[in-house]
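Down below is the structure, laid out as structure tokens.
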Amino acid sequence: MGIKGLNAIISEHVPSAVRKSDIKAFFGRKVAIDASMSLYQFLIAVRQQDGAQLSTESGETTSHLMGMFYRTLRMIDNGIKPCYVFDGKPPILKSFELKKRSDKRVDTEKKLEEAVDQAEKLKQERRLVKVSPEHNDEAKYLLKLMGIPYIVAPCEAEAQCAQLAKDGKVYAAASEDMDTLCYKTPYLLRHLTFSEAKKEPIHEIDTELVLQGLELTQEQFVDLGIMLGCDYCESIRGIGPVTALKLIKEHGSLEKIVEFIESGQANNKWKVPEDWPYNEARQLFLNPDVVNSQDINLKWNPPDEEKLIEFLCHEKKFNEERVKSGIKRLQKGLKSGVQVRLDGFFQKVPKTKEQLAAATAKAKAAKKTKGKTGKVSKR
């Protein structure tokens, strides 16, 4: 689910922390991708013209494999070395969110039964999309045949992606979930696995610039995320993004905010949830269950052409000519290796408050300018 309203806060207060770039800008980068989120996207977006999921004659869904194969190829074509991270066992605190999703699913199934209009049916069907263990297993098998490394995280995939980026194994974590920032990935890439047809630039969020711009510590930023609403516990009803940021800045921590509310100084406008496990949620962000990066060896291998054709073409009925063309692209891209970028020789220099304020003002002015060209950075 991510963090409600966090993207809006960053866009409003620190737009300079977000760089919109073409995929070519990440040539030579290694990136850790949230596999579960990507598979969900593929199941939602990769469809036939009538809106139905791609499938074999026997009814087996193949949208996830089509998306995984061709979106990964696009990255390889542009000099990116992807590795995928799959979710492990969800933390106990997440049962709160999983229960909510289960309840919503029951409601959606009812709406689907009642739907008469075809467009409404497709809308409700998309809401019922769920990544199954079979989808995950098939995606892992495909990645193995493609020669693309993958990891199964002990817990949350976003946390493991962030850890790989923090430890320098990869440049950035890629996910649509904004809570990846709470695990303090240096950079978060959004829209990386979107289709080329969408023409959506990749959004690169610099975590350090976000913290500087909001004038928050990492711990305070995590507390802000919990107040906005995360997967691990409910939020305080009635407190939206503007108020949440104001309270964190004024009081500095959730402990102080809870004390402020329960003392009656907030005029009883809000009520803290009973037995609110905000500290446990905080620890899941600050000290997540991840594999030590030193124990992970990311290696990109030559694709297994014969088995790829057998799996995708003979078993899943993909177009053989297109798959063979894709394999050639894969062989070429993986053979070339990761080229060294010139900016890799230079240490990142933190921006001063004045520089950050100037950049933020410039970014805000650009957003307000009419007749935007829509061009993205090529770096």
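Cβ coordinates are placed from backbone N, Cα and C, and glycine is handled just like the others.
Now, the feature entries from Swiss-Prot:
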BINDING   ASP34, ASP87, GLU156, GLU158  Mg(2+) 1 binding site
BINDING   ARG47, ARG71, GLU156, GLY229, ASP231  DNA binding site
BINDING   ASP177, ASP179, ASP231  Mg(2+) 2 binding site
COMPBIAS  364-379  compositional bias 'Basic residues'
REGION    1-105  region 'N-domain'
REGION    120-251  region 'I-domain'
REGION    338-346  region 'Interaction with PCNA'
REGION    360-379  region 'Disordered'
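The average pLDDT computed over the region 'I-domain' (120-251) stands at 92.
Cβ neighbour count for GLY229 (DNA binding site) (all protein chains, 10 Å cutoff from its Cβ): 22. Of all the binding-site residues given, namely ASP34, ARG71, GLU158, GLY229, those whose Cα is no farther than the 10 Å limit from the Cα of ASP177 (Mg(2+) 2 binding site) are ASP34, GLU158.
Cα-Cα distances to GLU158 (Mg(2+) 1 binding site) place ASP179 within 10 Å, out of the binding-site residues ARG71, ASP179, ASP231.
Among the binding-site residues ASP34, ASP87, GLU156, ASP179, the ones whose Cα sits within 10 Å of the Cα of ASP231 (DNA binding site) are ASP179. Residue pair ASP179 (Mg(2+) 2 binding site) / ASP87 (Mg(2+) 1 binding site) shows a Cα separation of 14 Å. Considering other CB atoms within 10 Å as the measure, the emptiest surroundings among the binding-site residues ASP34, ASP87, ASP177, ASP179 are those of ASP87. A simple Cβ count within 10 Å picks out one of the binding-site residues GLU156, GLU158, ASP231 as the most packed, and that one is GLU158. All protein chains considered, the CB of ARG71 (DNA binding site) has 21 other CB atoms within 10 Å. Spatially, by CA atoms, the binding-site residues ASP34, ASP87, GLU156 include one closest to ARG71 (DNA binding site), and that is ASP34. DSSP classifies ASP87 (Mg(2+) 1 binding site) as coil under the three-state reduction.
When the Cα atoms are compared, ASP34 (Mg(2+) 1 binding site) and GLY229 (DNA binding site) turn out to be 20 Å apart.
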